Structures are given as C-alpha cells and as structure tokens.
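Features as listed in TrEMBL:
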type	residues	note
ACT_SITE	H255	active site
ACT_SITE	D312	active site
Amino acid sequence: MSTAACESKITFIDGNKGILRYRGYNIADLVNSGKSFIEIVYLLFYGIFPDVHDLQNFMLQISQEYMPPKIVSDVIKSFPQNSHPMAILIACFSVLASYYHDQKYDENELRHTRLAISQIAGIVAMIYRHITNQDFIQADTELSYSENFIHMMFDISSYKFTKVVSKALDIIFILHADHEQNASTATVRLTGSAGANLFACLASGTATLWGPAHGGANEAVINMLMEIEKPSNVKQFVQKVKDRNKGIRLMGFGHRVYKNYDPRAKIMCKVCKEVLDDLKLSDPLLEIALELENIALQDSYFIERNLYPNVDFYSGIVLKAVGIPIKMFTTLFALARTSGWSAQWY
C-alpha cells in the first residue's frame, strides 16, 4: 500500500501494467507523435496542446528569457570549478527566488513557470561552461529549445551537431518531465503549500533530487557498466548480484512504482541505438547493457522480483555519447523535471 498527498491530474501511472500518461496521453504516443519538449511543457501547464499560434507565442516568450539575470552568472562564477553542479544549481534557484520575490504576475499567464523553463536551460549550460573553464555562450533564439541548449553547452559551430542528437535530448527531457509524487515533487508541493515562490520551491526540489537515492541512478548505471568492463563479464556480475552476501545491486533495474517494464526504458533503448549509430560510435557500454538486460530478463531471480529495466538504464549512455560529463547528469534531470515541478506547484 502507498500513500500520496494528492491525486494528480497531470500524470497517471499504472505500475502493474507499465503505463505512464501525461494529461491522459500515453508517453509512447507523445514521443512517437514527434511533438517537441516545449509542446509537452505546454500540455503539462495547460492540460491541452497549443495550436500553431499559441505554440509560436509560448516559444517566443521562452526564448526571450534564456539568459538569467547577471546576478545568477556572478554566483555561478563565484563557485570553485570543482564544485558539484547540483550545488551550484541550488544556489542559482535561491538567487532567482530572491530576484523575483516581489514580482506579481497574472496566474493565467504562468509567467514564473515559463521563466523557470527558460532560464534553467541557460543556467545548466553556464554551470557546465564554468566547471570546464570555458566562457559562457549567448543563447540563439532561432534554434529550438534542445538545439539552443546544445549550442549554449558546446557551441554548435564546433560541436558535431545533428538533428538526431537534438531530438534525443528532446525525448530525454520529455521522459523525465514528470512522474509520480516522488521525493522531489512532494518536496516542491510541500514547500509551495507554505506560500514560498516557485524558485524557492525549485531549490528545495533540486536539493532533494540531488540525493543519490533519487536523482543519481543514471550515473550509478554508467559506473556499474564501466565496472563490468565487457559483455563476457555480465554473467559473473549477475551471479554476484544474486548473492546477498556480496551486497551488490543491479542498477537501472526495478522501480518503486513499476512492477512491469518501465515504458520509458523501451523508448530510451531505441533512442540510445539511434544516437550511437548517428554519431558512428561503438560504445562497449551499450553492448554490456544489452547483454545485461538479455540475461536478467530470462533469469527467474529477477522475473519473480519484478525487476525490469527502468528509464535510467539507457539514458546515461545517451548523455555520455552526446558529451555530457557524468557529474552533470542530474542537472539535466532537474532541467527536464522543472517542467513537472512547475506544473505541480501551480
């Protein structure tokens, strides 16, 4: 039995059947429809899809706010370059909570939620540039949301940019946009219930997401795959996992909610193969992951315990292939989940 503080109209999950829906739409249908992350954000906020005019207006408003106030960039620069990106992100949200504290807004326009979606793209990119000792890059408002994020991270002029990569990021953002009343979402709602402004709530949610039991799973999967080293070692590793005395966990398998295959994992596996093929990369981690999935799904030990791959099992391989450093993984999770947090807060 589980409990929740509310019944959400935003996201529906049937863990036994492996179903995830945003505002009534099946997650696989949303991805296969080709809709952008920004269209999904609009759906989460308003409960409907935008028409052409509304989408253009929504995207225009978002693109005009990519760059956060100067005080935010100053705070980022004040951190040592070896700081953890999530610590910097929490500080940035705290600064925005102060910066926008006294501003009023029309609730029908959801101004603050749009600001959050706009500025976190710039903030995460700036954090990456800072910890890698590179200058910040100005936003390009002619690009899509994901394309601009890649541009602000890596500079499109020097990065091997492809439509497949930008679409893959869009899908990762969509798959992580919202979920059940997990620790970070519950934290955002609880903080908001006390009357705190959105950015203060996002700071608290980000702090919760930073916890390794919540937002660090895809990083843990990459570390596990690197530890296995090669596909031929998978069977031996699986035996260690099954030996309780070893204390070794199979990362990226199982989910507190899903007692079936996480619907997001199937999508992520397909995206992973497409990205590696597009970039002409042969990542041994994917070979290890596929072998691990194949063995685990045929083993009664994992079948009886309803342990199936979850969304984190393949997402880390995609992010690594795109060029995202492992310690930045959770900031991209926060970027995507800011849409769901903001919708829940409102």
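Note: Cβ is positioned from N, Cα and C throughout, glycine not excepted.
In the three-state DSSP classification, D312 (active site) falls within a helix. Cα of D312 (active site) to Cα of H255 (active site): a span of 10 Å.
Listed in sequence order, G15, D262, Y308, N310 are the same-chain residues six or more apart from H255 (active site) with CB atoms under 8 A from its CB. Classification of H255 (active site) by DSSP places it in coil, neither helical nor stranded.
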